[in-house]
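Participant: The active site, proton donor/acceptor feature in Swiss-Prot is assigned to Tyr133; the stated evidence is sequence analysis. Sequence annotations record features per position, and here Swiss-Prot assigns active site, schiff-base intermediate with substrate to Lys161. According to Swiss-Prot, the feature pyruvate binding site maps to Thr45, Ile203. Among the features that Swiss-Prot reports, site 'Part of a proton relay during catalysis' is placed at Thr44, Tyr107.
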Amino acid sequence: MIAGSMVALVTPMDAQGGLDWDSLSKLVDFHLQEGTNAIVAVGTTGESATLSVAEHIEVIRRVVDQVNGRIPVIAGTGANSTSEAVELTENAKTAGADACLLVTPYYNKPTQEGLYLHFKHIAEAVAIPQILYNVPGRTVCDMLPDTVERLSKVPNIIGIKEATGDLKRGREVLDRVSTDFLVYSGDDPTAVELMLMGGKGNISVTANVAPRAMSELCAAAMAGDAETARAINERLMPLHRALFLEANPIPVKWALHEMGLMGNGIRLPLTWLSQSYQEPLRQAMRQTGVLA
């Protein structure tokens with residue numbers, strides 16, 4: 001079972017926007033050393049929207065090769081074209097990913113039936129474990145619990161990243177699916193509560209900069225140790241919030257650069273963190289102990 005703290009890994013770039021393979025390797029080692037339970041490559045935080053197909057595949061391949069089976073590697077393969085999502089998922093399987101994360105189609109606003117048929121088609125086309133990803137704040141497409149329940153019965157679909165941050169929604173999804181269907185949080189501030197309700201982990205932005213703490217938080221929450229999990233979460237809350245001062249992954253890439261783990265590259269239309277937000281993020285990093 002894929003569970004625990006799953007980092008939504010950034011894709012390091014140089015100042016010209018080229019992929020920085022040395023920094024990618026450094027980040028993977030960082031997570032292996034700090035107790036991260038799984039790596040999610042080329043998802044939202046990994047800037048999948050601005051990677052070419054060749055770059056997308058190469059990032060997955062390099063992460064898989066370096067991890068070498070020590071922890072699971074999940075590849076972001078969602079698209080707003082069903083055929084493109086199938087192609088990306090096939091490529092991820094060939095590259096050696098353990099599972100795929102598929103965001104709901106964005107911009108074209110499918111119906112719930114369209115969402116069901118989209119994910120069902122991908123699951124039937126590619127034999128690899130697949131995780132649904134619901135993040136309506138970014139996609140303007142909300143996959144409702146009825147649809148999640150239907151899809152949970154489709155072979156190869158093993159779980160969902162529920163990133164609404166709405167704990168009532170999380171509770172409803174948990175109540176509707178079988179216990180072997182994996183419900184993950186995709187919202188750092190509320191992840192601890194979803195796990196205490198039965199969620200199996202957190203696909204985390206914060207884990208990029210505080211992997212050990214996020215791993216300990218997830219372990220405590222999944223063991224039912226609410227006191228420990230909530231205490232860690234309270235300590236991390238300034239960081240959870242500061243990492244969304246601008247659109248993800250702008251702040252987290254700046255934070256990793258500040259920590260000396262990567263360069264200062266990001267691709268247009270995203271831009272480097274605004275000057276006015278740099279000191280507030282730096283202070284949050286110091287407050288939570290990730291920066292001296």
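In case you wondered, yes, glycine gets a Cβ from its N, Cα and C as well.
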Participant: Taking DSSP three-state, what's Ile203 (pyruvate binding site) in: helix, strand or coil?
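Facilitator: Its secondary structure by DSSP: strand.
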Participant: Just name the most isolated of the recorded positions Tyr107, Tyr133, going by other Cβ atoms within 10 Å of its Cβ.
Facilitator: Tyr107
Participant: Using DSSP reduced to three states, classify Lys161 (active site, schiff-base intermediate with substrate) as helix, strand or coil.
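Facilitator: Lys161 (active site, schiff-base intermediate with substrate) sits in a strand per DSSP.
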Participant: Would you count the other C-beta atoms found within 10 angstroms of the C-beta of the residue listed as 'active site, schiff-base intermediate with substrate' for me?
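Facilitator: Counting Cβ neighbours of the residue listed as 'active site, schiff-base intermediate with substrate' within 10 Å gives 27.
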Participant: Under a criterion of Cβ-Cβ distance under 8 Å and sequence separation of at least 6, what residues of the same chain contact Thr45 (pyruvate binding site)?
Facilitator: Ala8, Leu9, Val10, Val205, Asn208, Asn248, Pro249, Val252
Participant: Just the number: how many Å between the Cα atoms of the residue listed as 'active site, schiff-base intermediate with substrate' and Tyr133 (active site, proton donor/acceptor)?
Facilitator: 5
Participant: For Ile203 (pyruvate binding site), list the number of other Cβ atoms lying within 10 Å of its Cβ atom.
Facilitator: 27
Participant: Below 8 Å Cβ to Cβ and six or more residues apart, same chain only. Which residues does that give for Thr44 (site 'Part of a proton relay during catalysis')?
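Facilitator: Ala8, Gly76, Val103, Val135, Arg138, Asn248, Pro249 - these are the non-local Cβ neighbours of Thr44 (site 'Part of a proton relay during catalysis'), listed in sequence order.
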